[in-house]
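As annotated by TrEMBL, active site applies to LYS19, ASP150. Taken from TrEMBL, the feature ATP binding site applies to PRO108, ILE109, ALA110, SER111, GLY112, ILE113, GLY114, GLY115, GLY116, SER117, ALA118. Per TrEMBL, the feature domain 'GHMP kinase N-terminal' maps to 76-156. Positions annotated as domain 'GHMP kinase C-terminal' by TrEMBL: 209-279.
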Amino acid sequence: MADADALSGFVVVEPAPAKINLALAVTGRREDGYHLLDSLVTFTAFGDRIGLAPAAEDRFTLSGRFCGALSAEADNLVTRARDRLRAALAPTGQAAPPVHIHLEKNLPIASGIGGGSADAAATLRGLISLWKAELPADGLDALALGLGADVPMCLASRPLRARGVGEAITPVALPALPIVLANPLVGISTPAVFQALASRRNPPLALAGAAGWAEALARLRNDLEPPARRLCPEIAAISESLAATGAGLVRMSGSGATCFALYDTDAAAETAAAALSRRHPHWFFTATSTLEAQGKGADDGAY
Ligand code: C5P
């Protein structure tokens with residue numbers, strides 16, 4: 001759980017919500033090897049957090065359950081986001097003074113829920129607020145995309161449909177969904193999963209015509225799940241455990257290995273996560289809720 005003390009005293013505290021690919025179609029491949037996707041994405045109340053404060057010189061510190069897997073010295077997406085934003089602001093003459101950035105790492109590493117990308121996006125949002133910086137929206141989107149294909153959607157951190165390599169974003173309306181995230185604590189390589197795909201040209205997501213979001217989601221899929229299951233047998237095991245709790249839908253997010261299960265109520269999600277944690281103490285489970293967005297999506301309908 002979040003450590004309340006780790007971020008006290010920071011001037012800006014920015015949430016870095018976990019990204020959930022509710023469905024993901026791999027529809028093609030670009031010449032540079034990146035895959036074209038069509039994904040229905042939402043975010044959860046559970047995630048990492050970034051703290052920012054002015055400092056005499058740049059500092060980067062870490063805390064949280066999964067911070068051990070990251071080195072404070074290593075090149076990482078948080079410090080890269082800081083450096084790229086500073087470089088982008090330099091020609092405009094805007095100040096980008098030294099900053100202490102603290103990352104509270106609550107999300108498992110390399111787990112298909114956008115951890116590093118969410119951290120980079122939260123760093124950009126937080127620094128823009130701390131430095132009172134102004135960048136044109138297209139400049140910020142390009143900067144985000146340069147950090148990783150999932151960073152633009154994490155910058156938005158709201159329900160959306162992402163196409164292209166993930167950068168072509170349209171908002172969608174989705175309710176708050178009680179959800180359990182489950183990870184076997186086995187990291188999985190995203191490029192390896194893409195490489196193991198049997199087909200790179202699959203149909204896009206068919207979102208129209210369903211009676212509601214639950215029916216639409218049930219008909220959809222994650223094209224990365226079959227190759228990820230071949231590379232990581234724990235995904236089948238953890239999915240079976242989730243299904244046995246009476247969840248409405250069980251699926252893998254991104255390139256795995258995190259799987260998610262949707263429930264009708266927060267209480268049902270919490271009961272399931274508690275029972276699963278007791279039964280499988282070496283796996284990671286957490287009950288949370290997706291972030292809702294109301295109103296009609298730009299062109300993709302509301303559920
Ligand atoms: O952009 P990012 O660094 O997050 O992507 C990690 C890797 O995942 C890429 O190097 C690529 O192998 C694969 N990838 C892909 N198509 C995408 C996103 C990622 O092939 N749309």
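Glycine too: its Cβ is placed from the backbone N, Cα and C atoms.
TrEMBL does not curate its annotations; it predicts them automatically.
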Cα distance (Å, whole number) from LYS19 (active site) to GLY112 (ATP binding site): 8
CB contacts for GLY116 (ATP binding site) [other CB atoms within 10 A, all chains]: 24
Confidence summary for the domain 'GHMP kinase C-terminal' (209-279), mean pLDDT rounded: 96
Listed binding-site residues PRO108, ALA110, ALA118, filtered to Cα within 10 Å of LYS19 (active site): ALA118
Non-site residues, in chain order, whose CB comes within 8 A of the mean position of the CB atoms of PRO108, ILE109, ALA110, SER111, GLY112, ILE113, GLY114, GLY115, GLY116, SER117, ALA118 at ATP: ALA18, LYS19, LEU107, GLY254, THR258
Residue distribution over DSSP helix, strand and coil in the domain 'GHMP kinase C-terminal' (209-279): 38 helix, 9 strand, 24 coil
Neighbourhood of ALA118 (ATP binding site), C-beta criterion under 8 angstroms, separation at least six: ALA16, PRO17, ALA18, LYS19, GLY47, ASP48, LEU107, CYS154, SER157
For ALA110 (ATP binding site), the three-state class that DSSP assigns: coil
Secondary structure tally of the domain 'GHMP kinase N-terminal' (76-156) (DSSP, helix then strand then coil): 49 helix, 6 strand, 26 coil
Largest tally of Cβ atoms lying within 10 Å of a Cβ, found at which of the binding-site residues PRO108, GLY112: GLY112
From PRO108, ALA110, GLY114, GLY116, the binding-site residues whose CA lies within 10 Å of that of ASP150 (active site): GLY114, GLY116
For GLY114 (ATP binding site): intrachain residues, at least 6 apart, with Cβ closer than 8 Å: ALA18, LYS19, ASP150, MET153, CYS154, GLY254
Proximal but sequence-remote residues of the same chain as ALA110 (ATP binding site) (Cβ under 8 Å, at least 6 apart): GLY187, ILE188, SER189, THR190
